[in-house]
Amino acid sequence: MTRIGTPLSPTATRVLFCGSGELGKEVVIELQRLGVEVIAVDRYENAPAMQVAHRSHVINMLDGAALRAVIELEKPHFIVPEIEAIATATLVELEAEGFTVIPTARAAQLTMNREGIRRLAAEELKLPTSPYHFADTFEAYSKAVEDLGFPCVVKPVMSSSGKGQSLLKSADDVQKAWDYAQEGGRAGKGRVIIEGFIDFDYEITLLTVRHIGGTTFCAPVGHRQEKGDYQESWQPQAMSPAALAESERVAKAVTESLGGRGMFGVELFIKGDQVWFSEVSPRPHDTGLVTLISQDLSQFALHARAILGLPIPLIRQFGPSASAVILVEGQSTQTAFANLGAALAEPDTALRLFGKPEVNGQRRMGVALARDESIEAARAKATRASSAVVVEL
């Protein structure tokens, strides 16, 4: 029986976020609407979710002692990891001591590292995946590339948003892909996964929410990546009934194994009726930003309900919808966005500007959203809206 108290009072229901990016920001807003007291934690000040939380803390989240100190100080009812780069061993300890980690500390620990989740999916759950090897040294990596053949893909086992990821097409790429992977890992140099390339027709994110009443799937989200980073997404992605049924089977198997309650972003490769498991995030997914315009309950609202043990009787999808990111390149701590009237001039469009405090290189600073009569029209409209935004550094 869910009971929510009064924020900033002894009856408050407290939720603490480990990571305070744009996805967390939307979940915080949903929790604020339900009268939840929210604490946002990240490694830098004024992170997006901090701007809408009751209070915030800045710590190195890979420092287990610092993470424990904040959690023991705040005594949250729910701990919500929003990113992978967290001292997950500390979350496991805290969960054993009685804290609730969303969805589970094991899910956070397994998905922080591509090896944990790949071995779970392929070796324990026997789900279809690309052929793969792991390697710690250049020698082992070279042998894996030789074994899998070209083309193949290399990624650091610990990285996100495409960092350190390369597609190898010939022997000329072997050294530079290794060097790039060593630069791109979250915890510095280290282990990589080498995957055989799947010649897929398209890739999807199946947003899968585990809640008090069971497991519910959102309509499949199609997306386009560049260098492993999402550029645009759309919903619903057209699929054969067989491919959709197999996608739901795979997503249910992996999310059931990870357990707990919350939103999961299950990434899958599709070719005809065939489905391969790629990755899973035990939290809302960047490609799922499209649900801010495509569904009555966005992935963020669904995550909030699942966390609090509230029912999800139905998810209503509004038809062809798309998102296009607003990518900013350069250096600034005072970025401004202009020409917004033009960006929002067409019907059924929306913008989210994330409020990130700085840009240093390339950074996703917002997203344009659109609905239309077809996926093609929705994608074109979202791209027009995104392109219309003028960025001032």
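The backbone N, Cα and C atoms fix where each Cβ goes, glycine too.
According to Swiss-Prot, Glu22, Leu23, Asp286, Lys356, Arg363, Arg364 bind N(1)-(5-phospho-beta-D-ribosyl)glycinamide; the candidate from Glu72, Glu74, Glu82, Glu232 that the record adds to this site is Glu82. Counting other Cβ atoms within 10 Å of each Cβ, the lowest count among the binding-site residues Glu82, Glu195 belongs to Glu195. A simple Cβ count within 10 Å picks out one of the binding-site residues Gly162, Gly164 as the most packed, and that one is Gly164. Taking a C-beta cut-off of under 8 angstroms and a sequence separation of 6 or more, Glu203 (ATP binding site) has the following same-chain neighbours: Gly222, His223, Gln225, Glu267, Leu268, Phe269, Ile270, Ser278. In this view, Arg364 (N(1)-(5-phospho-beta-D-ribosyl)glycinamide binding site) is surrounded by 20 other Cβ atoms within 10 Å of its Cβ, with every protein chain counted.
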